[in-house]
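The next block holds one structure in the form of structure tokens; read it before the comments.
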Amino acid sequence: MSLGQRLALLASRLQEPQRVASFQRLCGVEVPLSSPAADEDAETEVRGAPGEPRRRGRQPGAEDSPAKADCCGAPNGVRNGLAAEPGPTGPRRAGSQRRNSLTGEEGELVKVSNLPLYYLFCLGTELGNELFYILFFPFWIWNLDPFVGRRLVIIWVLVMYLGQCTKDIIRWPRPASPPVIKLEVFYNSEYSMPSTHAMSGTAIPIAMFLLTYGRWQYPLIYGLILIPCWSSLVCLSRIYMGMHSILDVIAGFLYTILILIIFYPLVDLIDNFNQTYKYAPLIIIGLHLILGIFSFTLDTWSTSRGDTAEILGSGAGIACGSHAAYTLGLSLEPSLHMLPLAIPPLTVTLFGKAILRIVLGMLLVLFVRDIMKKITIPLACKLSSIPCHDIRQARQHMEVELPYRYITYGMVGFSITFLVPYVFSFIGIS
């Protein structure tokens, strides 16, 4: 057997849904014998195209696929609640009985016998969700180091955009259920290869280490511990949730390493261009919009298209906001002779200002997001002559979803790097 055949055989085995199900059982996740899902295991399965795993029902990425509903804490109108028999090992609704904001779909009833692992992997999967991003990047920009925060966003946008587009090109379905138990339905309508959670969970800690080591004074061992812990937690959480095969996660990890090798040397150049070039905002907005339109042509409707527009809008807004802040002198960064920076001692005053900035800043950001959401969807429907009485259906049109996500999160990003720092400077807490 040649090397190529061996690698193909290995990849085929790593893609098997039975391996995902085995990992779930090892971690204490099972379908209760009395649940409807257990009774359905014997139902007839639908066989896909050659080389694809067996699966039932709707295919991920299809037009009538459900939109997403997070596992542990995503926004977008999900609902929390307790399932019947909520004991430590009793049946519970996957994702704490979360309901999909666009279709009303809920996770299936499952039995979790290892709650510490359940909550640990919920934390891991949240490290790749909107709630985390909307807290993490502003915290860096407002409280820690805007220089690092801006560059983290550039890397995140590159990695996530390439990952989402690759999914829509390869079009591999999610692991078949059964045997896999879907603990999450938020991303169930998207394709599987590669895992963009694994990509962001690999890119962010590596980029944090590369950007901060030498700029800040801290032991090298901290970074060497952070990277494998963060990345492995996110990667394993996607297998635990039943969202990805082992192959998806490994491919996402390796794909991210390749992207960082190619693009990381350009990050300084991109950030300097965003801040200093006179016509940077026009180029940023136009380029990100073109990339968004291209991604929308790769496949029929799925929730990943809206995510891609959201990522591009956020990146464009943060870049334009950093340009405005630099132009008006709001970007106060230490000179090169002050490097490496010493980590200041944590005092009551420092902690209080940090909490005040994050609370006040997030209130302003969420206010901007809600206002823009209420404006952009009806306006996009009106301009496109699409009925807006059914928001779920309207958002399946590119003419509505792309401008809604792009403009709304573009303003969110602009607020993070310009409007909020301007308010901080005005009231004296910058």
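Counting starts with 1 at the first residue shown.
Glycine residues also receive a Cβ, built from the backbone N, Cα and C atoms like all the rest.
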Completion exercise
Annotated as phosphoserine in Swiss-Prot, from the list Ser96, Ser101, is Ser101
Exercise for the section: Measuring Cα to Cα, tell me the gap between His244 (active site, nucleophile) and His197 (active site, proton donor) in whole angstrom. Expected result: 10
Exercise for the section: Take the transmembrane segment (348-368) and find every residue of the same chain, 6 or more past its ends, with a Cβ under 8 Å from one of its Cβ atoms. Expected result: 134-135, 138-139, 142-143, 411-412, 415-416, 419-420, 423-424, 429
Handout entry: Reduced DSSP assignment, Asp248 (site 'Stabilizes the active site histidine for nucleophilic attack')
Key = helix
Handout entry: Other C-beta atoms that fall within 10 angstroms of the C-beta of Asp248 (site 'Stabilizes the active site histidine for nucleophilic attack')
Key = 29
Handout entry: Same-chain residues at least 6 beyond the ends of the transmembrane segment (409-429) whose Cβ lies under 8 Å from its Cβ atoms
Key = 134, 137-138, 141-142, 146, 150, 153, 285, 309-311, 313-322, 324-325, 328, 330, 353, 356-357, 360-361, 364-365, 368-369, 372
Practice task
Mark yes when the transmembrane segment (246-266) and the transmembrane segment (121-141) have three or more Cβ pairs under 8 Å (sequence separation 6 or more) and no when they do not.
Solution key: no
